[in-house]
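First up is the structure itself, then whatever we jot down about it.
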Amino acid sequence: MIREIITYPNKLLRTKSEDVVKFDSELHTLLDDMYDTMIASSGVGLAAIQVAVPLNVLIINLVNEDDIQDKADLIEVINPVITHKDGVQINQEGCLSIPGYYEDIKRAQHIVVEFYNRYGEKQTKEYEDFLAVAWQHEMEHLSGHVFIENLSFIKRQKFEKEWKAKQKAKR
Ligand SMILES: CC(=O)Oc1ccc(/C=C/C(=O)NCCc2ccccc2)cc1OC(C)=O
Ligand SMILES: [Co+2]
């Protein structure tokens, strides 16, 4: 089922999400709904807080080398912890909670993460390049941050001005 995505500056996005304790059918329904919602909005990553659920749950489904967003590449992530990160990369990022705004953001090049899948099985994986970017972007949502908080003061001011103008135009 498609759920509503909350958008900036909704204060709920600043919530620190809690760890999942029960790997039950309710969690599975949340994961399935997050997938439907992400796909319906042309997203490649989504954190549970973006559908107003303050749990440490996120999903990532990047497009593959043939430019296909294959569900086989879907990663479902519960209670993630980054145990190591190194290197630097800069990529343009966007967020379904800040629609229509894209900005270059600096992230670690390589990360090692521990997390659980939907059955409560612990995984340790490492990621680099664009996949590492998606992970870091989504994990920031779990601690109540959105990607524009990484912008320089000047760029953030530019964003706030543009965002206000866009909200006014919508009324
Ligand atoms: C107008 C509008 O909503 O633009 C969009 C903005 C962002 C997005 C999706 C963003 C997204 O999935 N971000 C996941 C996190 C991420 C960021 C950078 C790299 C990897 C992963 C989709 C949009 O909608 C369309 C139709 O393109
Ligand atoms: Co986002």
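Using the three backbone atoms N, Cα and C, a Cβ is placed for every residue, glycine included.
Per TrEMBL, the feature Fe cation binding site maps to C95, H137, H141. Taken from TrEMBL, the feature active site applies to E138.
Residues within less than 8 Å, Cβ to Cβ, of H137 (Fe cation binding site) and separated from it by at least 6 positions along the same chain comprise G45, E93, C95, I105, R107, F147. Note: the Fe cation site is recorded as C95, H137, H141; in the same chain, G45, A47, Q50, E93, S97, E138, E140, V146, F147 also have Cβ atoms within 8 Å of that site's Cβ centroid. Cβ neighbour count for H141 (Fe cation binding site): 23 (other Cβ atoms within 10 Å of its Cβ, all protein chains included). For E138 (active site), the same-chain residues 6+ apart in sequence whose C-beta sits under 8 angstroms from its C-beta are G45, L46, A47, L58, I59, I60, V77.
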